[in-house]
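S.K.: Take a look at the following structure, please.
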Amino acid sequence: MDLERGDKKPPPPPPPAPRTAAATTTTTTTPACSGKKRPPLRDSLVALQPVLLRAAAALAAAAAAAVMALDAQSYTAVVAIVGTRPLTQTFTAKFSDTPAFVYFVIANAIAAAYNLLVLLVRRRRRTTAGLVVRMLDMVVMALLATGAAAAASMAELGRNGNARARWNPVCDRFGSFCRRGGAALAASFVGVALMLALNLLSAASGAGC
């Protein structure tokens with residue numbers, strides 16, 4: 001017999017431990033752009049882009065306001081002849097005669113002053129609210145666009161006239177006035193394009209990393 005021989009049966013193996021729920025591991029995902037580091041040269045170039053755009057926009061707006069504000073031309077015409085003596089009258093064209101041109105000068109002057117002020121504030125490293133600056137950039141861009149559009153409509157009327165309303169063109173008599181006004185309009189539209197680029201760059205930098 002086994003008991004008599006001193007042999008003992010091995011104890012049965014212990015029952016398997018109940019399976020516990022697998023521990024959930026939480027992994028934190030970091031944005032893909034947080035690990036990317038741009039080189040210092042690229043960072044400096046990216047930081048320099050808004051400054052260059054703003055400076056160019058201020059220069060374009062200031063040039064447009066100055067050229068339009070100084071735009072004036074006189075034209076002398078014979079209106080009657082008394083005997084052998086002609087009677088002449090001098091006509092003068094200047095920007096203050098047209099409300100659209102006055103608005104154009106004011107809008108461009110405001111845009112130039114605003115951009116210069118923002119550049120000076122950033123140069124002195126004072127704290128400025130970025131959201132406020134972005135909103136003001138959009139307001140100034142809209143102001144520039146409306147001023148340029150209003151002046152362009154009046155410039156087209158002065159160049160081609162309106163046959164139905166019997167408004168004769170005036171650029172055939174005030175050619176220099178119209179040419180300088182056209183140069184001011186071109187500078188203003190350049191300022192609008194630069195402000196648009198500045199707003200797009202600001203939106204891209206705010207949405208990106």
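Using N, Cα and C of the backbone, Cβ positions are placed for all residues, glycine too.
Per Swiss-Prot, the features are:
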- 1-10: compositional bias 'Basic and acidic residues' (COMPBIAS)
- 19-32: compositional bias 'Low complexity' (COMPBIAS)
- 1-39: region 'Disordered' (REGION)
- 1-49: topological domain 'Cytoplasmic' (TOPO_DOM)
- 71-100: topological domain 'Extracellular' (TOPO_DOM)
- 122-134: topological domain 'Cytoplasmic' (TOPO_DOM)
- 156-180: topological domain 'Extracellular' (TOPO_DOM)
- 202-209: topological domain 'Cytoplasmic' (TOPO_DOM)
- 50-70: transmembrane segment (TRANSMEM)
- 101-121: transmembrane segment (TRANSMEM)
- 135-155: transmembrane segment (TRANSMEM)
- 181-201: transmembrane segment (TRANSMEM)
S.K.: Return the average pLDDT for the topological domain 'Cytoplasmic' (122-134) as a whole number.
M.R.: 67
S.K.: Taking a Cβ cut-off under 8 Å, which residues six or more beyond the ends of the topological domain 'Extracellular' (71-100) line up next to it in the same chain?
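M.R.: That would be 150-151, 153-154, 170, 173-174, 176-177, 180-181, 184.
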S.K.: With Cβ-Cβ distances below 8 Å as the criterion, list the same-chain residues six or more beyond the ends of the topological domain 'Extracellular' (156-180) that contact it, or say none.
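M.R.: Tertiary neighbours of the topological domain 'Extracellular' (156-180) are 67-68, 70-73, 75, 77, 91, 93-94.
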